[in-house]
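*Asks:* The structure under discussion is supplied below as C-alpha cells; questions concerning it will follow.
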Amino acid sequence: MALLPVLLFLAAVLLPFFPASGQDPGFAALSITKSEVQKEIVNKHNDLRRTVSPLASNMLKMQWDSKTATNAQNWANKCLLQHSKAEDRAVGTMKCGENLFMSSIPNSWSDAIQNWHDEVHDFKYGVGPKTPNAVVGHYTQVVWYSSYRVGCGIAYCPKQGTLKYYYVCQYCPAGNYVNKINTPYEQGTPCARCPGNCDNGLCTNSCEYEDLVSNCDSLKKIAGCEHELLKENCKTTCQCENKIY
C-alpha cells in the first residue's frame, strides 16, 4: 500500500467551496493549459531529481501527462484542502500519488514545487524523517525514482479565505511506498541502472505498466509469463525486464 499522508503547506478549515475565476493576471499565467507552464513544471521536477543528494542511479526523467493533469485539475476545482481519493487520481489501473500546496498569493509553479522539495532539510537518505513529527512526503514523492508522469492543476478558491490559490500535482505511478519511504531512489552514479537510456543524468527507460499483484516474481518462476494470470496481472514483471520500475 502506498503511504498517503495528508501533506499540506498550511492548515485551514476544511469546507467545500467552489472555484472562481482568478482576477489576478498572475493567476492566469499559471494555467496548466499553457505549454510553457507544463514545460516549467516538468523541468523543475527534473532539475530537482537529477541533483538529489546523494545522487541517484535509477531516477526516471519525468514527462507531462495530460490524463494525470485532467485528474489534478478536476480535484483542484473542488477547492478542498485534503487529498483526493486514490481511485479519482488513478490513470487506468495505475495508482498515482499527489502533492498539494495552498498560498495567499499566486506563487510560480517552480516556487510551489521547490516548497515541496524543501522538506529534504528534515529528511536523511536511508534513515527517513530526522524527527518524529517531520513532514517529508512531499519531498519523497517529488524525487520518487519510478514516478515519471506528472500532471498538475490550479484553482482560485476565494471562499477559502487567505489561502485561496490551490495547487495540485499528481504523479504516476505513485511513490511513497512504506517499505521504501526512507530510500525513495537508489543511490549511485547517475544513470548507472539505465546504460544507453540516459538523458542528462536521468533514466528514460520507464515502464508503462504496473503489476496488479505483489508476488509476480514468484509467479513468473512457477508458471512463466505465458500463463494468462501473469499476462493480465504481471505486465511489469513480464514486459519491463530492462526498464526502471
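Every residue, even glycine, has its Cβ placed from backbone N, Cα and C.
Quick paste of what Swiss-Prot says about this protein:
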| type | residues | note |
| --- | --- | --- |
| SIGNAL | 1-22 | signal peptide |
| DOMAIN | 42-171 | domain 'SCP' |
| DISULFID | Cys191-Cys198 | disulfide bond |
| DISULFID | Cys194-Cys203 | disulfide bond |
| DISULFID | Cys207-Cys240 | disulfide bond |
| DOMAIN | 207-240 | domain 'ShKT' |
| DISULFID | Cys216-Cys234 | disulfide bond |
| DISULFID | Cys225-Cys238 | disulfide bond |
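Distances, neighbours, how buried they are, the whole picture for these features please.
*Replies:* Summarised as a single figure, the pLDDT of the domain 'SCP' (42-171) averages 97.
Secondary structure from DSSP puts Cys198 (disulfide bond) in a beta strand.
Non-local neighbourhood of Cys194 (disulfide bond): Asn58, Cys203, Thr204, Asn205, Ile244, each in the same chain, at least six residues away, with C-beta under 8 Å from its C-beta.
Contacts of Cys240 (disulfide bond) defined by a Cβ separation under 8 A and a same-chain sequence distance of 6+ are given as Cys207, Tyr209, in order along the sequence.
Counting residues per DSSP class in helix, strand and coil order gives 19 helix, 0 strand, 15 coil for the domain 'ShKT' (207-240).
Sequence-distant contacts of Cys234 (disulfide bond), defined by Cβ-Cβ distance under 8 angstroms and a gap of at least six in the same chain, are Asp211, Leu212, Val213, Cys216, Leu219, Lys220, Cys225.
Its Cβ taken as reference, Cys225 (disulfide bond) is surrounded by 15 other Cβ atoms within 10 Å in the chains shown.
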*Asks:* Out of Cys191, Cys198, Cys203, Cys207, which of these disulfide-bonded residues shows the lowest number of other CB atoms within 10 Å of its CB?
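*Replies:* Candidates: the disulfide-bonded residues Cys191, Cys198, Cys203, Cys207. Fewest Cβ atoms within 10 Å: Cys198.
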*Asks:* Under the DSSP assignment, what numbers of helix, strand and coil residues are found in the domain 'SCP' (42-171)?
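*Replies:* The composition, in the requested order, is 47 helix, 32 strand, 51 coil.
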*Asks:* Quick check: in three-state DSSP terms, what is Cys191 (disulfide bond)?
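*Replies:* Looking at the DSSP assignment, Cys191 (disulfide bond) belongs to neither helix nor strand, so coil.
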*Asks:* When you measure from the Cβ of Cys238 (disulfide bond), which residues in the chain that are at least 6 apart have a Cβ under 8 Å away?
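*Replies:* Listed in sequence order: Cys216, Lys220, Cys225, Leu230, Lys231.
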